[in-house]
Amino acid sequence: MDANPDLPIPVSLIAGRYLLFAIDAVTYLRREHHICGVTIGTLPQAPQQNVFLGLPLELMPEEVRLLVEKGLAYVIDDAKAHQQGLVNASARKRVHYVKHLRDKGRQAAISQAGAKEHSKALALSKARSKALKAPTIRAASHDESEDTNLTDTAEHDSLFAPSSPSGLATSDSQPITNFGVTPASSASLLTPPPSPPASEASLPAVPESYPLFKHLHSNGYFPLPGLRFGCQYMVYPGDPLRFHSHFLASYVGWDEELDLMDLVGGGRLGTGVKKGYLIGGVEKKKNQDIPDMQTERVRTFSIEWASM
């Protein structure tokens, strides 16, 4: 889906988690702004497994903060927005919303019925072509008796055949049951969408590692959660669907004491999984007690074990 959503994109805040439900917003942010997030929704076809997941998409606070600062998104309280939207929705809008869902269900049912008819026609065509290619050796007497049986059967079937022009029951004569549609997003019901807040107080809180995340993202990398390898971010040079991660990144304060065992463990772990162990922090200027996260530059260092 290549459609671009309306900007800024509303990000739903539910129970302290930032979620996206619209597929067009998910694909747009991934394609244009290197924001991947993590899918946490089960698939309707296989709800008992957690290997392949779908919508909604959960975003890290760092990703949401970056989008808000760039004016690409804003955060809304999902429960409050739905409560206000449903209270203010007119009866006409509710009827239109229900009709829209029913129409989508009927379209899906018709599409599935058409696909079944197409598959059935292909199967019959393959069976006929296979029967024509098979060798047939029959005696003349057997053929005559068989033709007689076929003629009797055809006459018998013609007495009870339906009154359609082709003599066969078509899919149009069968009732089509509409599918029940559960929409992934209720944005069409909450129209117009909640307006973005004007104050900077709506900026989501982020961990102290946010400058490192922002630095990596600004240099074209794809930072994703790094819990799998015991770090803060897994850093990909491109889309994670196409590339393996190159670095295991962790944030370290400029004056923070770094345990040598953590440094050795991170470096050996990164080298063992064919990645570099990257540490970074905000450089603090002279006579400055607390570094400015907005103006200071981030310094990064990569550690690898060449002998492994």
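The count begins at 1 with the first shown residue.
Placement of Cβ uses the backbone N, Cα and C atoms for every residue, glycine included.
TrEMBL entries are annotated by machine, without manual review.
The active site annotation in TrEMBL covers Y236, H244, K275. Look at TrEMBL and you will find 161-180 tagged as compositional bias 'Polar residues'. What TrEMBL lists as domain 'TSEN34 N-terminal' is 9-78. Annotation comment: TrEMBL describes 209-286 as domain 'tRNA intron endonuclease catalytic'. Per TrEMBL, region 'Disordered' is recorded for 156-202.
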Packing count at H244 (active site) (other Cβ atoms within 10 Å of its Cβ): 12
Integer average pLDDT (0 to 100) for the domain 'TSEN34 N-terminal' (9-78): 92
Composition by DSSP (helix, strand, coil) of residues within the domain 'TSEN34 N-terminal' (9-78): 21 helix, 27 strand, 22 coil
